[in-house]
Each structure stands twice: as C-alpha cells, then as structure tokens.
Ligand SMILES: C[C@](O)(CO)[C@H](O)COP(=O)(O)OP(=O)(O)OC[C@H]1O[C@@H](n2ccc(N)nc2=O)[C@H](O)[C@@H]1O
Ligand SMILES: Nc1ncnc2c1ncn2[C@@H]1O[C@H](COP(=O)(O)OP(=O)(O)OP(=O)(O)O)[C@@H](O)[C@H]1O
C-alpha cells in the first residue's frame, strides 16, 4: 500500500531593529502614528507547517517555555486568517524554532505570523498576490508587513505602510538580550504618560539617516540612530541605561533600545568588531546573553531544499548561510 507522507513547508523570517522610531500622537483607534526605519537582522525564527488533523503550535528554542501554544500565538491567528480566506479548515501542525528573543522589541511574534502566512500560501498552493499577503500581515500586527518585506524600509501609519530604503553594504550589530521582556502596549502607554508630564524630545524626519544608509558608512549611521520609545523603556527598566553605557564602553559606534525594548542594539564597524564588542559586553554582566547579527536580510521566505532550475539557491546565498548560522549561535 502506498503511504503518502505530507511534505512540510519551512519558512525563515527575520528579527528587526528600528534604526529610527519617531512616535507621533495617539490616534483615536489606540495606535500611534509612526515614522520608522525598519532594518531586518540575521537573527531568525524558522517556522514549518505540515498537514495534520487539527491546528497545533509547538515552539522550540531557548525562550520556548514562555511562548503560548494556543490560539493567542500569532502564528495560530495567521493560520486561522489564511484558512478562512481559502475556505478550508486550518488543519496544520505549526512548529516554531525561535532564534528571536521573546517580548524583546525585535518583532519575534510578528516574524512567526509573517512566516506562517507565507508558508500556508505555499503549502496550500493558494497563489496569493503580494498585496493580499501584505493585507493579511497588516491585520495580524503593525510589524508583520515588515517581517514579510525584510531589507530596510520606512514604515508610516501604524508601521504597516512600507517603502523600501536604499542601503549600501551590510551593517554589523551586537544585541544585548535582557532577562525579562517588556510589553509593547505598556511601553507606548508609558511614553504617553511621560509626554503628559513634560515634553521629552521628539525625533524629526529620518532624511539624514537615509543618506547615511545609502553611503553604507556605519560611522555616519551611528549618531543618527534614534528611538522615541527609548525614554519610556528606560523609565520602565532603568537598568537598561547601564547596558547602553556598557555597549559604547565596549567600543560600539552607537547603541539604542530596539523598538519597545528591552533588547539593546549596538552598531559596530565590521563583523570582526561586532565579535569583539560582543565578547566584551558579555563579560560586563549587564544582560542575559549577547548575539551578533548583520543586516539587512530578506523578509519571510520559503526555505528551499535544493537549487532552482537556474542553479541558484532559492532563499539565500552561501555567504548568507555562513553568517546566519554563526549568528544563531551564542557568544
Ligand atoms: C514598537 C514596534 O515594534 C516598532 O516597530 C511596533 O510599533 C509594535 O508593533 P506590534 O508589536 O506589531 O504592535 P501591534 O500588535 O500592532 O499593537 C500592539 C499595541 O502596541 C501599541 N501600538 C502599536 C503600534 C503603533 N503604531 N502604535 C501603538 O500604540 C498599541 O497599544 C497596540 O495595541
Ligand atoms: N509566535 C510568538 N512568538 C513570541 N511571542 C508570541 C508569539 N505569539 C504570541 N506571543 C506573545 O506575544 C508577546 C510579545 O512577543 P514578541 O516576541 O512578539 O514581542 P516583541 O518582539 O517585543 O514584539 P514587537 O517588537 O513586534 O513589539 C509574548 O510575550 C507572547 O506572550
């Protein structure tokens, strides 16, 4: 008798750091108007989907124990959304290998949602347009469209309207992962509270940063990094000041809180420099763990198991693979 073994589809999706995060006023719908520059990093989650009797989510990796595996997982929500559109039952087993810190301000849940939409499109042969995929992504969260797009991009609206940014070269980063997480809505609320009590400085337009990114020179990019949510994250987690200081003392060009935090991201001059800064920071005892990563990298993509007819690898180059696999490791 012939047994048909269902074939899984595996998708890799990146973490992000906001190189510029200007937060405008609170809108009537509870979101803030943003102007942000997203940058996708080689710290990734791998999500695979395979046909099953019922919908399930399993999570692997360091932070697995604190990620929900029920209907509150963003990947589960993504599966329900795509299945409803396709008029079918969401009968898939979703397995998530987490390399992105949880509740770290690096869009980990968003990466999983993006990966699930892209994976189900392939598994069920839906032939979804890019526009439809982006529409699903925006329904799942403000950061999810960027997790699909990857690269470097300006986000406006609540972060879901994207335009690609020209950036030359790879940039090299050290990420200081914190012991706990921070809740994104709580950090936005804290910023509103700080703004009610005074006038914390607000970032302007990211024009100069865009020019620096186009030049590819990290020494020009460093001083232009900025995050309006940083004051709020530091107010909730004052210990992050020490982490930021330790990063620059370790030789990084500049450091910022990533998105809503508490991860801190440090820009370095080269890949070797990032390894040196990472080792130094690791010894300073100011964070849970340290990772090195580079960006920009592509958004959520099906991982190929071979080569395309034109002989090129379908999802990444050999160089990408070397750096990505190294970046997944601990330092
Ligand atoms: C901090 C960032 O990561 C920066 O890219 C994002 O703005 C957060 O994006 P996200 O986690 O995908 O956020 P969502 O799931 O869409 O929203 C979670 C909550 O964050 C707050 N939120 C989010 C986006 C935004 N532009 N304004 C907000 O005030 C709202 O309280 C919202 O209820
Ligand atoms: N697939 C998922 N991975 C991680 N957390 C998830 C997932 N689905 C739901 N969650 C829940 O969402 C919360 C926020 O997790 P996430 O890792 O997405 O935060 P984040 O990276 O700070 O998000 P962002 O940068 O987009 O604001 C977690 O504490 C967890 O309870």
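Glycine too: its Cβ is placed from the backbone N, Cα and C atoms.
These numbers come from a predicted model, not from an experiment.
These come from TrEMBL:
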type	residues	note
BINDING	101, 102, 103, 104, 105, 106, 107, 108, 109, 110, 111	ATP binding site
DOMAIN	73-151	domain 'GHMP kinase N-terminal'
DOMAIN	209-283	domain 'GHMP kinase C-terminal'
REGION	295-331	region 'Disordered'
Local confidence of the prediction over the domain 'GHMP kinase N-terminal' (73-151), expressed as mean pLDDT: 98
Candidate with sparsest Cβ neighbourhood (10 Å radius) among 103, 107, 111, the listed binding-site residues: 103
Nonlocal neighbours by CB distance (under 8 Å) for residue 105 (ATP binding site), same chain, sequence gap 6 or more: 182, 184, 233, 257, 258, 259, 260, 261, 262, 263
Per DSSP, three-state class assigned to residue 101 (ATP binding site): coil
For the domain 'GHMP kinase N-terminal' (73-151), the number of residues DSSP places in helix, strand and coil: 46 helix, 7 strand, 26 coil
CB contacts for residue 101 (ATP binding site) [other CB atoms within 10 A, all chains]: 24
Cβ under 6 Å from ligand 2: qualifying binding-site residues of 101, 103, 105, 107, 109, 111: 103, 105, 107, 109
Cβ-Cβ neighbours of residue 109 (ATP binding site) (radius 10 Å): 28
The domain 'GHMP kinase C-terminal' (209-283), counted residue by residue under DSSP: helix, strand, coil: 44 helix, 11 strand, 20 coil
